[in-house]
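Remarks on the structure that follows.
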Amino acid sequence: MTLHTPARTTTAIAVGIALACAGGIGAAAAAPTQAPAAAPAAAPAAAPAETGTTDRLIVKYRGERAGTTPAGTTQSTRRDRIQAAAAPHGGAAEHVRATAQGAQVWSLGTDLAVADVEAIAAQVEADPTVEYAEPDRLMQPLAAAPNDTRWAEQWDLQTTSVGIDVRTAWDTTRGAGVNVAVIDTGYRPHADLAANVVGGYDLIADTAVANDGNGRDADAADPGDWTTTNQCATGWTARGSSWHGTHVAGTISAVTNNGVGVAGIAPESKVVPLRVLGRCGGYTSDIADAMIWASGGSVSGVPANANPAKVLNLSLGGSGTCDTTSQNAITSARSRGAVVVVAAGNSNTNVSSSSPANCSGVVAVAAYGPTGARAYYSNYGTLVDIAAPGGDTSGGSANGILSTLNTGTSTPGSDSYAFYQGTSMAAPHVAAVAALMLSANPSLTPDQVESLLKSSAQPFVATCSSCGAGMLDAATAVAAATGGTTPTPTPTPTPPAGSVAESESNNTRATADPAPRPSTFTGTIGSTSDTDYVSVVVPAGATLTVSLTAGVASADYDLYLYNASGTRVASSTRGAGLVDTVTYTNSGTASATFYPRVLYYSGTTGTSGTYTLAIS
């Protein structure tokens, strides 16, 4: 079976996150471990081009919910349509499985450039029975550069200008009662970690990627993710196993006060390991299922999670806009009260081009080194929420982040410790502090945790442009969580009373109804095949928020947001009776036009198909 290149849709985010997960958004490109620091590039005004390859397509059909896989003529017709779209690119359609969101995963039979799969998706999406179609992109662990050498070496945890002051936080809590899901390469039963690992699952469906002889099963142990030359793509360089998930997990919950090794930030919390990254990376569809299952949701064919997590850590990613599959999974996890923490990426570029860090509702984490300055590899931008220690080994391995590892270069060896650098290392610092906060105050919502993390952050002590609200501070974050200063989430801004009425035909971007921000747009879904577009101009650096409310509670309409090139940048597909909201920041240097789209899913149409868009 053809192995899928991790570079497919990810840029190496490297150094700091071993290979697939190492500290950043893993990529096929070589990690910039020893590269000199570079000045941040200007934020692009247009959506970045997708990179990499994939051999899979995700298709969501209207009216289908989780776990459904039609058979017979319906499935045959669908295969024929996808085959027709894929054939000009040399593809051959074959159904793989259903996802936890009710979408279907299709194999295209060959590795194709993501841009080609986007073209196939656009053709498939033209079918009125299709809600959306998109590439099943391969994500990568953020790459890291391991070195070798315990509390005195953990500069990142100390009470200094660049440390997170975890000892003061421990006076209040050490994370008891909170589970943290590490969605990564799995784990090794390291003696300094194993006592704090509970449950978990291997959610890699493809046996070649899994590299353990089978597909999904209850064994989340990491068998190794080593690769050989050209194994994942032409020009691929052979790599040893990263043990990325074990390093990330150790930062969160390594056993503390045991006289051995390193200390975890939340040593009384439990790690729930979810294996989604293997040989050559991991598929978006598996990662999305992991987010849903980890937070207590249901995934077809997988037993219920007996240890649902309140914090999810994703030290992984790829290039491109936030896809619908990832956004829906994040929204689903947050609806069950889970905080979703994501590494910003290691490409020294604007995070707006790195998914899932650019998705709505996540806590995106940039990295700084031992001087407090932005690490040369760290992504940046207005979508970054906070910065945390990620290390910078260009000045020596001890300037990295020390955590649990394994000596094996391919299959597992013996327990060890190593310094890694990357945003993959920074993210678990934030995830662990979130666990401390939730242990101290279990009633906190995901929005409140994010708000408190940011409001309690310390001012930067060195240059860290576009690194979020400040530097992570465990002590002040825990104090804020317990001190009665929990903020009320900011409500969606209410536009002025004046409204813009729909003017048909507005069923394409070219014929979209213009609406100012802020304003209220009123429209009608005339039939099950009707769709409405609105155009909104958003200034550079501004954030667009659009909320969709159906006029009839039993109606279920979906909300999508596209940029000027027609790329979907956000979506919300909640059920009947619920408000759909999308938020997106124009990170470019000039004003840009965005297109909210209302699409029928189920319920009333015609005179009873009214809806309102609150645009701000």
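The backbone N, Cα and C atoms fix where each Cβ goes, and this holds for glycine too.
Curation plays no part in TrEMBL annotations; they are all automatic predictions.
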According to TrEMBL, which of these ranges is region 'Disordered': 61-96, 205-240?
61-96
Would you mind checking how many other C-beta atoms are within 10 angstroms of the C-beta on Ser424 (active site, charge relay system)?
46
Rounded to the nearest Å, what's the C-alpha distance separating Ser424 (active site, charge relay system) and His244 (active site, charge relay system)? Just drop the number here, would you?
9
Counts of helix, strand and coil residues, the region 'Disordered' (61-96), according to DSSP:
18 helix, 4 strand, 14 coil
How many whole Å apart are the CA atoms of His244 (active site, charge relay system) and Asp184 (active site, charge relay system)?
7
Suppose we draw a 10 Å sphere around the Cβ of Asp184 (active site, charge relay system). How many other Cβ atoms does it contain, all chains included?
36
Just to be sure I understand the packing, how many Cβ atoms besides its own are within 10 Å of the Cβ of His244 (active site, charge relay system)?
37
